[in-house]
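Taken verbatim from TrEMBL:
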COMPBIAS  1-16  compositional bias 'Polar residues'
REGION    1-42  region 'Disordered'
COMPBIAS  28-39  compositional bias 'Polar residues'
DOMAIN    135-199  domain 'P-type ATPase N-terminal'
TRANSMEM  398-423  transmembrane segment
TRANSMEM  443-464  transmembrane segment
ACT_SITE  Asp512  active site, 4-aspartylphosphate intermediate
BINDING   Asp512, Lys513, Thr514, Glu607, Phe648, Lys671, Arg704, Thr784, Gly785, Asp786, Arg875, Lys881, Asn904, Asp905  ATP binding site
BINDING   Asp512, Thr514, Asp901, Asp905  Mg(2+) binding site
DOMAIN    927-1177  domain 'P-type ATPase C-terminal'
TRANSMEM  998-1020  transmembrane segment
TRANSMEM  1041-1063  transmembrane segment
TRANSMEM  1078-1099  transmembrane segment
TRANSMEM  1106-1129  transmembrane segment
TRANSMEM  1149-1169  transmembrane segment
Amino acid sequence: MSGTSGNNFPQRQYPSNLIDPFDDSETVETSQSTDNLSVPQAAAIPSFRPYFSSDNTSFDPYFNDSTEDDEEQVPLYSESSGLTRQITNMSEANLPLTDNISPTASVGIGEHTFLGKTEMSSGDDNPTSGGERIIYINKPNTQQKFLHNRISTTKYNFFTFLPKFLYEQFSKYANMFFLFTACIQQIPYVSPTNPFTTLGTLIVVLTATAFKEILEDYKRHRSDSEVNQRKCKYLDIAAEAFILKEWNQVNVGDIVRVESGEFFPADLILLSSSEPEGLCYIETSNLDGETNLKIKQATNDTAYLTNPSKTSSLTGYIKSETPNNTLYTYDGLLEMDGQDGRKRVPLDPTQLLLRGAQLRNTSWVYGIVIFTGHETKLMRNATATPIKRTSVEKMVNVQIIFLFVILLTMSLACSIGSAVRAMRYSGEMSYIPLTNTNIVTQFLFNILTFIILFNNLIPISLIVTMEVVKFQQALLINDDLDMYYEKTDTPALCRTSSLVEELGQIEYIFSDKTGTLTCNEMEFKQCSIAGLAYADNVEEAKRARIVDGVEVGFHDFKQLRENIRNHPTGNVINEFLSLLSICHTVIPERKDDNPANIIYQASSPDEGALVKGASLLDYVFTTRRPKSVNVRINGVDYEYEILSICEFNSTRKRMSTVVRGPDGKITLYCKGADTVILERLSDDNPFVEQTLQHLEEYATEGLRTLCIAMREVSEEEYRVWSTVYEKASTTLVNRSEELDKAAEMIEKDLFLLGATAIEDKLQDGVPETIHTLQQAGIKIWVLTGDRQETAINIGLSCKLINEEMSLITVNEESHWETKEFLEKRIHSVKGRVNPETEPLALVIDGRTLGFALEKEIEGTFLELATMCKAVICCRVSPLQKALVVKLVKRHLKAILLAIGDGANDVPMIQAAHVGVGISGLEGMQAARSADVSISQFRYLKKLLLVHGAWSYQRLSKLILYSFYKNITLYMTQFWYAFQNGFSGQVIYESWTITYYNVLFTVLPPIVMGVFDQYVSARMLDRYPQLYSLGQKSEFFNVKNFWGWALNAFFHSLILYLLSIYVFQYGLVLTDGQLADHWFWGTALYTAVLATVLGKAALITDLWTKYTYIAIPGSFIFWMVFIFVYGMVAPRFKVSEEYDGVIPKLFTSPIFYLFILVVPVICLLRDYVWKYVKRMYYARAYHTIQEIQKFNIPDYRPRMEQFQKAIRKVRAVQRLRKSRGFAFSQNESGQEARLIRVYDTTLSKPKG
């Protein structure tokens, strides 16, 4: 239903003992108190019914009688009230953006709810009652403790950090395992290693992770502080003046002054404004994505408070509903003291100014604070910062469980072997005291011993290494100059480094439109007048010329000015530009410091652009009075009398103004969508064909188009029509329909002047970015609060929808119609012979989406949506955005990214696996709540295709290598157990084992994780199809993980067997002595280190100076370290096993030969496998690596030019088959009345 469909319903008068069947709040309240009362069921409940007071002067555009629950699935039938409930969604001007309306929240003692208005019964003088809050005006509010106005979006605070952090860390199975290992190491005579090796390492890991978490959360805290410390003006009663104070110092009951362009610091009740009758305009794009401005109006009883002195004298209180999350419903009562005693004034959403909205086109407003901080409606809709975990982390957790099972199996096997040895061979080992030991007790202790011995099969260093690498990857994103926006001095900012690898696995992007894809800037770019095309900037190749006797191309606006004076079409041009400067609802304003500069205040951005465009062509709209407007044409002022206005609505798709010109003639000016203008033209219209051709060209460029027409009206015709129109405007039944019928009578036989083309300016690079992301296999869904036509037009201009796609538009009115339509569409789509030749795009409005998200239909809707290459959901609420994301997240095993720039996008951003916020003009709410913030949509391409792809591949390699190196070392302990009688004896000195992960193998995975590139950024951008490697989890999956694990088992076995072969009988040294156990253990340790470092060298794609430091450097460091440490440590009673070993080791040629030959034998298989894979089973990125290495040229651009030409031809063919052009206009239903109260020749109050 459009926002004007019910504008003419009068206030229904019901006796107090009857129920209004259209008022949910009253029926629910009654059903709760009278269980046995039979409630009549309404046959058809309108989704929107505005409110008119009894005198038809107070209009409530926000009154609605539809309620929704906060749950994802809402029943269509309410048992409590017996009323059928409709689930619907529209914009702020008609329905609330969140569900969960509490109809009884504002009903207190002595009150009753009547058609959305809250009134006080005459016998109640006690302001305090339950279920409400009392706010005293210009008095201290000490009777109730209200919340402060500070907001916090941080993940932790001082008290919650430790429990939250520990819970998050020990939900990782690796940390739980190491905690368990550290505990059993403290049991005497159980641990074969130092009891503090695991505990110390775990503390270091947790400390490093905690530091990273604190650092990231501090950034959120700092962003919150910036908001909390913003300045606003509040009324100091004693001084009778407004003084500055910070937002966080604002209290409930304060009267604040907000000026144009400022955001509201809290939820306010509008008292007065600089505009007539207490009107003001607000922009809610930060809340609902709507670029059209919303109109708010103070009550007549407070509109006179236009200076601090008058406002300071106001006394009384506001009886308000309690804080809730319904953005656009409100019930309250203002009791104010006056000369005639206490006066009761009902308050409704018309006076509600929400935190997060911005004051526009209004010099100033006064408002009294009713909700602050986290009790504001915006913050009540916010959710706590969720703890997100990546799919890679989850898979690592699962594989750790399997490794733990293997570790337990190995420990159990070794314990069984030890028990068998003790029982069968104890007599042969009299030198070991086994006879007095309990076998069962010893068996259990042995299990713990072997768990400790093999515990590093699961690398304890992995967690901290991943955290360090992710943190560095986040810094690389932050420091990328390609994602730095110089205009606003805004770099990219990765707020949650733990999610960087998921940037390389995104399959679905859910994007807002307003401020994310577009700039919120409308520009009058082109127009067609009398069959000639004009543009502000014309390329030389497109300039007008004669081809085969027909004029083609564009004239510039300079030529347009000349044509007005000396071209045969000059009269048409004059009427065209006059229409643009007269037929609108724009208000002109002048600043005192610069009266010559006119600022146009428009509720519709399209109208503002048209009026500005006309002014640039010397048709300057200068003055608006209640019954006339002034236009300065070429320096001469002309006054036009406004006789009647036929307003725009989504059904009419046009607006008309009847004016009397300076020559006394009456003219009808009409502008609207081509589909409605063309069918109302007279037979004699010479410019139709040329105009349609121009419209097709504009539409292919994604411009918003509008047809311009007129007709002269005789005095007699207007006299007759005005009588009909006046009667329709005062009727009490079906007023909107009657007004439409009246407009039809005069909007006929029009003469087509031409068409306009407005650019809803896209952010730079948006079409190219979307095209590239689609090439990368990413499906893009646009979720917007804007109108359907506007959303489709933007979809075309940003190349989300292209000429090859078939549009599926879903606009149904009920649950069953939606279900039937979706099922039929799925059947027809599945029946296509070749679906690849004609991709699909789905367009669904918010009302139908409400039905589609119900449990019974959601699977069908998702099935159809996933068959489409692009999806556009328009007129959706913030909650619906989150529900769509959750639906896909719940049913598909895909990684989702949500991107937006307003507070209305926060639920969607937090629901997705990865949230990206645009640091744009709509505030920083989305950016603060997101995991990554960027300043332009186009930066998403590099963020995903380059940084994301690198991060995923690097993290995959890091994880696989970390497990490999630990398994390779610690499995040699298992093989040794079969030779040492399962005694738990270790091969290596215990501190050397600890240093393995901390010192000698720590750099290779870090360097690979930070600097490695499997292909360059240029290649990833040129070949976006490589991104599919991450989507398919090609680099890290179960198969890869266990392939690396088996390779590690193989390497450990080869290393152990070869070492046994060399050292099994002891090694005779040059001085005749035999090399002992620790000589062999140190040699084997060195060979293992050389092998794992060699493996790192084999898998490294990009060698930098850091790579040389990490791989060869680590081995050199080990050789120096063991020489110094082995000589010095035993003297301090540390690592005494090395006493006397080092001199023998470093003088043995066998040792050097062993550490050179054995690693080569181990890695020979890996090298051969790598060669075979690249030569005979090459993957896509192998080919790209060759292209990069040999700098092979790419000839694809020529083909792309050819394909672009084909697409343009197809675009024109498609648009001729199905043409629908967008026209964005405010349809609040009260524009005509509002502009009648303006007189811009009068000075406004200063406030």
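Every residue, even glycine, has its Cβ placed from backbone N, Cα and C.
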Beyond the flanks of the transmembrane segment (998-1020) by 6 or more, those residues with Cβ under 8 Å of it: 201, 461, 465-466, 468-469, 472-473, 476, 942, 945-946, 949-950, 953-955, 957-958, 961-962, 965, 1026-1027, 1089, 1092-1093, 1096, 1099-1102, 1104, 1106-1107, 1109-1111, 1113-1114, 1117-1118, 1121, 1181, 1184-1185, 1187-1188
Close approaches to the transmembrane segment (1078-1099) from elsewhere in its chain (Cβ under 8 angstroms; 6 or more beyond its ends): 957, 961, 964-965, 968-969, 972, 986-989, 992, 996, 1000-1001, 1004-1005, 1008, 1051-1052, 1055-1056, 1059, 1063, 1067, 1110-1112, 1114-1115, 1118-1119, 1122, 1126, 1137-1138, 1141, 1144-1145, 1151, 1154-1156, 1158-1160, 1162-1163, 1166-1167, 1170
Shortest C-alpha distance to Asp905 (Mg(2+) binding site) - which of the recorded positions Asp512, Phe648, Arg704, Gly785, Arg875: Asp512
Long-range environment of the transmembrane segment (1041-1063) - Cβ separation under 8 angstroms, sequence gap at least 6: 395, 399, 403, 960-961, 963-972, 975-976, 979, 1075, 1079-1080, 1083-1084, 1087-1088, 1091, 1095, 1150, 1154, 1158, 1161-1162, 1165-1166
Neighbours of Asp901 (Mg(2+) binding site) among the binding-site residues Phe648, Arg704, Gly785, Arg875 (Cα to Cα, within 10 Å): none
Euclidean distance between Cα atoms of Asp512 (active site, 4-aspartylphosphate intermediate) and Gly785 (ATP binding site), Å: 8
Largest tally of Cβ atoms lying within 10 Å of a Cβ, found at which of the binding-site residues Thr514, Asn904: Asn904
Neighbouring binding-site residues, C-alpha within 10 angstroms of Asp512 (active site, 4-aspartylphosphate intermediate) - of Phe648, Arg704, Arg875, Asn904: Asn904
Which of Asp512, Asp901, the listed recorded positions, has fewest other Cβ atoms within 10 Å: Asp512
Counts of helix, strand and coil residues, the domain 'P-type ATPase N-terminal' (135-199), according to DSSP: 24 helix, 3 strand, 38 coil
Cβ neighbour count (within 10 Å, all chains shown) around Asp905 (Mg(2+) binding site): 34
Local Cβ density at Arg875 (ATP binding site) - other Cβ atoms counted within 10 Å: 26
